[in-house]
4 protein chains.
Amino acid sequence: MNTYGKQFRITTFGESHGAGIGVVIDGCPAGLHLDLDFIQHELDRRKPGQSKITTQRKEKDEFQILSGIFEGKTTGTPLTLMIWNEDAKSKDYAHIAEQFRPSHADYTYQQKYGVRDYRGGGRSSARETAARVASGAIAKLLLQPLGVQIYAYVSQVGKLKLEKAYQELDLSLTEDNIVRCPDQAVAQQMIALIDETRKKGDSIGGIVTGVIKGVPVGWGEPVFDKLHAELGKAMLSINAVKGFEYGSGFEGVQLYGSQHNDAFYTEEGKIKTRTNHSGGIQGGISNGADIYFNVAFKPVATLMRDQESINTKGEAVTVSGKGRHDPCVVPRAVPIVESMSALVLADFYLRNKASRMND
Amino acid sequence: MNTYGKQFRITTFGESHGAGIGVVIDGCPAGLHLDLDFIQHELDRRKPGQSKITTQRKEKDEFQILSGIFEGKTTGTPLTLMIWNEDAKSKDYAHIAEQFRPSHADYTYQQKYGVRDYRGGGRSSARETAARVASGAIAKLLLQPLGVQIYAYVSQVGKLKLEKAYQELDLSLTEDNIVRCPDQAVAQQMIALIDETRKKGDSIGGIVTGVIKGVPVGWGEPVFDKLHAELGKAMLSINAVKGFEYGSGFEGVQLYGSQHNDAFYTEEGKIKTRTNHSGGIQGGISNGADIYFNVAFKPVATLMRDQESINTKGEAVTVSGKGRHDPCVVPRAVPIVESMSALVLADFYLRNKASRMND
Amino acid sequence: MNTYGKQFRITTFGESHGAGIGVVIDGCPAGLHLDLDFIQHELDRRKPGQSKITTQRKEKDEFQILSGIFEGKTTGTPLTLMIWNEDAKSKDYAHIAEQFRPSHADYTYQQKYGVRDYRGGGRSSARETAARVASGAIAKLLLQPLGVQIYAYVSQVGKLKLEKAYQELDLSLTEDNIVRCPDQAVAQQMIALIDETRKKGDSIGGIVTGVIKGVPVGWGEPVFDKLHAELGKAMLSINAVKGFEYGSGFEGVQLYGSQHNDAFYTEEGKIKTRTNHSGGIQGGISNGADIYFNVAFKPVATLMRDQESINTKGEAVTVSGKGRHDPCVVPRAVPIVESMSALVLADFYLRNKASRMND
Amino acid sequence: MNTYGKQFRITTFGESHGAGIGVVIDGCPAGLHLDLDFIQHELDRRKPGQSKITTQRKEKDEFQILSGIFEGKTTGTPLTLMIWNEDAKSKDYAHIAEQFRPSHADYTYQQKYGVRDYRGGGRSSARETAARVASGAIAKLLLQPLGVQIYAYVSQVGKLKLEKAYQELDLSLTEDNIVRCPDQAVAQQMIALIDETRKKGDSIGGIVTGVIKGVPVGWGEPVFDKLHAELGKAMLSINAVKGFEYGSGFEGVQLYGSQHNDAFYTEEGKIKTRTNHSGGIQGGISNGADIYFNVAFKPVATLMRDQESINTKGEAVTVSGKGRHDPCVVPRAVPIVESMSALVLADFYLRNKASRMND
């Protein structure tokens, strides 16, 4: 279904070229002051057309609140945000109607549902992530007073990899460049690579790294709803994501347990670990250390090039590249990764309230 | 919560050293013949003590059906399976009661719940996966007549990596050796490495690769419950898992879209793709091609060595390695990865029944 | 939460005097032709101001579809309907802000949430039922081709009780009068009673009877989600409802089993029962006979009279009756009862698809 | 599905003549001391054979805890209770296998699932309520320290009606007689009526009244999950229940709003209402006043008499009354009504923890 979360629960709706994209948030506690400028600021970080290295679709991504707010605060009832589409009407989609674009969802939607809204990808368009960012902004507002800080940045574009670990970076510099990499030198290389890719009408993949500080001990659930399992699901549900790893990740499989185990010690009355291969999560539950993870994004499927494919009758056709395309999705994915992190954490924060007797 | 799935829904319960481990399956269609030997066979593939390279805990892992079966068939009512613990009574756990073992869930459970069953890890023990394998076996029985084939095998142990892709391997040979790697030569190296690690009282990580063939087009849901997002969550919920990637995965980020896109073509009236970087899933929905993925397992935390840690008062202590340990978890993880795959697919199979009008 | 249903799932949002009332429908099968006139027709049956015996609030209750439709059909993605508020702006609610009106939700919302949207009752207003009727209309469109027919009518107003059972009535005549009672003579008495009540600035209760024909055998679930348990919950969730009974209901407790049991027999190859005290449901599952039930509505709390109450400081105040009021809620409740019935049945229809193997 | 509750969630399993009846409780907070004697005491109040006016089936209904407890306390992990069947083996059910008993679930289960466990009704047997009482006992233990008091008693058997309201009764006397009516004189009449009914091999219906005191203001949710809607669903999910009403109920429809509205006033700093037609719930949320309701039970379908019916081929047969039967279900329903009340309230107690910011 189109719902994420158990206690802080979002349901998104809308299509790329319908009326707009929206989200209902159910379970947001009453009394939260909604900073509307902050929500818009977050949407602006995701919106198309913000720099030369992203898609040039024209959308202001302004939101309207349809329900759940009164005198600037949440009321405990469903909070609905709508982002109306502007750049939706004039297109001629006849050519897409009859074709299955390579590595898009055209074919699978058609087979599953027997009908599909082919205009700009319809429901499968990454435009749906605007709803995630809007609701993620509200989740951030909920988490902020608790001291939770959520960061994300681009750590790889194509083969260009930022070799420094997050601890060696100043994450406050991420927004200083259009590719959202906190190392300014590497950022310039990434920008050049994306720009060059764009000029070729091609696209390229990348990695977004997420870092969450200040999560108290105890969030997450044993067994299926482990904190990292939900983070993983949330990230994998973002368009174009192909992989997720946290803590020591795929590299960690090469280690011995004697290298990998994080030794506990006490410093100034606080329990800490000497290393953090666990990535801040043990047994599915936060242990108070930093949570960090990587999210792999494939190159987006829309190209400004001709590609071989088939039409809905199964006949060979050439899909021509026209319109606008996003040469690399990761810069705009940064606020999406942050938002999904915030949504996962807000949910566990509320779920944790019921975990023991003397609370 | 301790439940996975929406239509084919399992709820597991039990602790490492309580009465046993169990699972309630709700939503299994009526009329499924339960092949009890097959279920036991699957449990035997996961059980401890089956070879020299796994833990030597003594458990027969025999199951009892407590409900939901009549004259050998499911009745549409909840199916409950219980695997009683045998090796549970005689241990002295006083030493663990007072300590937080490194990279275990001791500390996080204690902080979250204020109380914990410290005997053998209690609920956080990987013994819980027996319930997953038992219910996964039933999911396999449900999927079998539909032509769905689920494979998993060990593709990496430590730095020892099987370089061949799954297409180059004969997956029917996986069970021919105790490490469950279908390449017999690499398997012997892996076994030697694990055995050596075991002798040092250490542990080592590894990767399990999953391959699913024969999934019809149309399983999976758009947006949050994408097929790969649920697969990812399911895998990440297995103890010791640190990462998940499918299709082109983390490597795929290095590609250009013009390399990565899977071109559609028609062959003998069937729609296919020339490559399969998509990993059998587009827009979150199966496209009929093979689904393949990797799951990264860290080295298990229990070592037969002394380790520095703290006790529940925060004082420095030495955690001594005694008892039995699992030098490498991946061989026994193979049936678990298969089981979680089956549980995810069984759920989507049933969910898909309601997707369109003329069904 | 603000969601009803598992497979055909609605989430409603909005307040009496906010932007409007809306609903997201998730799980509606793809390919359903949406008859927009029918949806509007249903909304018109519920809307305020349609006759002299209902509230005179001015709302056209026109809807807008925000998502999920393409070329007139559902696409399998979330369907969102919005009913914008018109009569919302000009009111002065300062007097309500400080008061707790008797038998309204003012006090409980304030205590639960610490904040409340007091304008017209906010979220607790029966205006929310517009969203139920809009989505119920779509559920009716889904059920229609299956032969399911849903009826509701007013069977009691105050002490005025329609003595005939539903079998003795021509249910096609229900809409022939403004009170929606299929017996035209009794209807006139009811209308007179309500009109008289209205003139006194008072309100009065009533009963709506529901009748559902053509439900196939097998809908509903054992144990908690019994068909009648969900019907009961759905009805009890409508504002002002105080009771629900089905089949023999409260009267049935006086019978002996030998009188109450419905004997099976076969007629022209069809299995039937000689009586239908079961109300078409046995063991929580439909048996193919008519489903019938009664829903009790209390007199609505808003009166055009002075009433004693307290303000938010706990001080005694007089709540004065001003504005508009609904002297009897049951005529407008008829389409709401039908809608909730349709929503319950649509959900069970889809859930039932997964109940057995050879489907 | 076989699950009730969102935060305090029970899943029941088992059949009348299988291994036993069980329940998994997920979401019970950690640190709750489990009074095992109290749980057994509650089960004893429901068990068959406890008096001459209930069924004489022989079951001790002793329970075993399979998971979730450590050193006498809950651990936050799933709590599983099993009540093994004893009186299950020796029966010959061949006659039932081929017949559809009148007003039982035989026919509907057969049609829905294509297979059914006919032994003693299988899953549709009221024996399932043992699992509700066991888990309800734990919910009571959770609620007790909060001051919540739950009462239920028999207020009607056949036409014999206890005319006094609950306020006029001493509810502590309910257990002083075998019919569980707190008015001893009426109780004797009820017992005589049931005994007489039993001798005729017949059964008779009745009403159980529930009263809940001490619920804090604020439990329950707006819209669909209203406190009384969940109570209604919970009660209607009990075998043989045909109706539910709360507060003024069906009688309340006859009143005018000016009679029905509950005027607020302040007494010694506490907000109260002069009347309580609302039944302690306004807008779906508890207001601190007593919650009271009635639950209608039909006469149970099993009779010690011959009845006309059909067999599975649709042919006319005589269902003969043999074995044991329950002449009136309401005495044993009293602890079940209490248990379902406790389960509903425990769930809302936990859900309410997440309702506002400054908690």
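Counting starts with 1 at the first residue shown.
Heads up, the Cβ atoms here are built off N, Cα and C, so glycines get one too.
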- Note on the structure: Among B:ARG324, B:ARG351, TrEMBL assigns to the FMN site of B:ARG123, B:SER124, B:SER125, B:ASN239, B:ALA240, B:GLY283, B:LYS298, B:PRO299, B:VAL300, B:ALA301, B:THR302 just B:ARG324
- Note on the structure: Filtered by Cβ under 8 Å and at least 6 apart in sequence, the residues in the chain of B:ARG123 (FMN binding site) near it are B:GLY14, B:GLU15, B:SER16, B:TYR109, B:ASP117
- Message: Between B:SER125 (FMN binding site) and B:ARG46 (NADP(+) binding site), how many Å separate their Cα atoms?
- Response: 14
- Is any of the binding-site residues B:SER125, B:ALA240, B:VAL300 near chain A, in the sense of a CB under 8 A from one of its CBs, and if so which? B:VAL300
- Item | Whole-number Å value for how far B:ARG46 (NADP(+) binding site) lies from B:ALA240 (FMN binding site) (Cα to Cα) | 15
- If you count the other CB atoms within 10 A of the CB of B:SER125 (FMN binding site), including all protein chains displayed, you should get 21
- Message: I'd like the Cβ neighbour count for B:THR302 (FMN binding site), meaning other Cβ atoms within 10 Å of its Cβ, all protein chains included.
- Response: 26
- Message: Under 8 Å between C-beta atoms and at least six apart in sequence, can you list the same-chain neighbours of B:LYS298 (FMN binding site), or say none if there are none?
- Response: B:GLY205, B:ALA240, B:VAL241, B:LYS242
- Item | Collapsed DSSP category at B:ARG46 (NADP(+) binding site) | helix
- State the count of C-beta atoms found within 10 angstroms of the C-beta of B:LYS52 (NADP(+) binding site), not counting that atom itself. 12
- Would you count the other C-beta atoms found within 10 angstroms of the C-beta of B:VAL300 (FMN binding site) for me? 23
- Measure from the Cβ of B:ALA240 (FMN binding site) and count the other Cβ atoms within 10 Å, all protein chains considered. 22
